[in-house]
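Going by TrEMBL, these are the annotated features:
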type	residues	note
DOMAIN	75-410	domain 'FAD/NAD(P)-binding'
DISULFID	112-117	disulfide bond
BINDING	121, 187, 216, 217, 218, 395, 401, 402, 403, 404	FAD binding site
BINDING	253, 254, 255, 256, 257, 258, 259, 260, 276, 349	NAD(+) binding site
DOMAIN	429-540	domain 'Pyridine nucleotide-disulphide oxidoreductase dimerisation'
ACT_SITE	531	active site, proton acceptor
């Protein structure tokens with residue numbers, strides 16, 4: 001779902017920064033693409049060098065005056081924030097033989113594990129089964145007879161909480177087992193290669209590090225006009241606790257977060273009203289996919305919507321009165337109507353959690369809260385220069401607010417500080433919305449591709465395949481769905497792939513890996529897919545593409561984006 005969270009809203013845009021070439025930069029042919037391991041590119045396996053014993057390092061770090069790290073530093077790498085991005089960076093750093101510590105002021109796992117991706121998947125697993133059991137026509141078509149489906153709200157909530165606890169424990173244990181020092185407290189940068197951390201009421205500790213990664217993530221964005229009480233007006237943080245299932249809930253925002261929660265609430269019996277500021281629902285999706293999603297995920301369900309409007313004021317329910325939502329026209333700002341609902345979920349995107357990091361101590365100024373970085377995730381100062389040995393990954397830099405993007409960025413940074421230059425191709429990072437059926441995407445939408453083509457002077461082509469032609473989908477009676485690919489017919493380069501259908505979130509990775517490795521359509525169409533499987537949806541998609549005669553690229557040649 002979200003990354004630090006499911007990002008989510010398309011409105012959460014990247015804080016872009018430009019970095020120049022570095023002295024002694026490695027040639028493009030030597031770059032590693034998309035955080036892929038060497039094995040993926042057919043190169044020899046790498047083994048991490050032996051690591052020093054953890055105990056002396058811990059003692060040195062605790063006092064802040066040891067020299068356990070190389071070059072007199074306490075650590076080779078200190079990571080501020082133990083979410084998915086920080087965890088991925090820490091594990092890769094250990095693999096590279098780096099003495100590593102991670103600072104966490106809350107709980108290990110960050111937003112994704114505790115208040116995002118993980119618990120939301122538990123709720124969506126329940127909603128998927130409820131939706132299937134409630135579909136009498138679907139059950140009968142399979143020859144099944146099912147009595148009335150019901151659920152225990154508290155048991156559902158416990159399932160989500162237990163899953164988060166389990167994954168959090170797994171992440172913690174994996175880092176401890178590999179010798180990563182987990183330091184408790186809020187981390188602040190106090191100078192070049194220096195970090196102070198500590199908890200309220202306890203003395204602070206100061207440590208030094210050859211390199212520092214900021215991985216502090218994000219929090220739900222709540223407009224000033226909205227009053228949150230956590231009970232009747234709340235964010236996704238509160239919603240994941242499932243303390244109630246309201247009869248009628250308004251969801252402000254129709255991005256990933258809003259769409260997934262509409263799936264949960266309607267499956268559990270709620271009526272949903274979307275409030276969307278733009279003129280169409282699901283503005284971050286490919287328009288054709290969004291239109292089909294509205295037909296499948298919105299129209300048949302107990303969902304209505306208001307588009308082109310702002311919620312100018314939301315008042316929580318109290319004294320027997322309902323939640324009041326005042327709507328104004330997004331363009332004219334004139335009052336349109338006031339909704340009275342039982343609850344309101346604010347799903348208006350995410351805001352970076354970067355206050356108090358001490359960035360002013362290294363001459364860094366955030367942009368709308370985001371930490372400016374270059375293409376290598378190196379932090380840029382107020383003068384546009386890269387700050388040596390300081391990096392920022394994940395939601396805090398705003399490039400792509402997804403948990404797995406944060407992890408990939410973290411791995412990329414570790415590669416760089418280990419001496420191997422690495423530039424992550426963000427267009428190869430997939431995203432997914434775990435509704436029923438699911439939506440997934442990678443690369444450019446069709447409008448984005450056409451804009452790029454017009455600007456750079458090339459043609460694009462679009463091919464589509466339907467789940468209705470897939471044997472496995474039909475066996476499941478799940479034929480609603482579409483796969484779509486945008487590509488260049490002159491070179492075979494894949495620009496974007498979008499899928500709506502059964503297990504779309506799992507299917508997208510063949511396309512994302514093709515983009516990451518620079519595999520062209522004329523090569524991947526010869527890949528063999530097991531029959532009958534859903535993967536044949538993509539097989540048919542690739543085979544439908546027509547590339548100009550004479551164009552050929554080796555499947556093993558990475559192509560930089």
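Placed from the backbone N, Cα and C atoms, the Cβ positions cover glycine too.
It should be emphasised that the depicted structure is a prediction, and the values quoted were computed from it without experimental measurement.
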Open item on the list: Mean pLDDT for the domain 'Pyridine nucleotide-disulphide oxidoreductase dimerisation' (429-540), rounded to an integer?
Closed with: 97
Open item on the list: For 121, 531, listed as recorded positions, tell me which one has the smallest number of other Cβ atoms within 10 Å.
Closed with: 531
Task: Protein Cβ atoms within 10 Å of residue 276 (NAD(+) binding site), excluding its own - done: 22
- [ ] Measure between the Cα atoms of every pair in 121, 187, 216, 217, 218, 395, 401, 402, 403, 404, the residues the record assigns to FAD, and report the largest value in Å, rounded to a whole number.
- [x] 30
Open item on the list: Just to be sure I understand the packing, how many Cβ atoms besides its own are within 10 Å of the Cβ of residue 112 (disulfide bond)?
Closed with: 31
Task: Separation of alpha carbons, residue 259 (NAD(+) binding site) and residue 117 (disulfide bond) (Å) - done: 14
Open item on the list: What whole-number Å value do you get for the CA-CA distance of residue 218 (FAD binding site) and residue 276 (NAD(+) binding site)?
Closed with: 22
Open item on the list: Going by a 10 angstroms cut-off between Cβ atoms, which of the recorded positions 117, 401, 403 has the sparsest surroundings?
Closed with: 117
Open item on the list: Going by DSSP assignments with H, G and I as helix and E and B as strand, what are the residue counts for the domain 'Pyridine nucleotide-disulphide oxidoreductase dimerisation' (429-540)?
Closed with: 42 helix, 29 strand, 41 coil
TODO: Sorry to bug you, but what's the C-alpha spacing from residue 112 (disulfide bond) to residue 216 (FAD binding site), rounded to the closest Å?
DONE: 12
Open item on the list: For 257, 259, listed as binding-site residues, tell me which one has the smallest number of other Cβ atoms within 10 Å.
Closed with: 259
Task: Cα proximity to residue 255 (NAD(+) binding site), best match among recorded positions 121, 401, 403, 531 - done: 401
Task: Cα-proximity to residue 276 (NAD(+) binding site), 10 Å cut-off, over recorded positions 112, 121, 401, 403, 531 - done: none
Task: Pairwise Cα distance for residue 112 (disulfide bond)/residue 403 (FAD binding site) [Å, integer] - done: 7
- [ ] Taking the Cβ of residue 255 (NAD(+) binding site) as the centre, count every other Cβ atom within 10 Å, in any protein chain shown.
- [x] 26
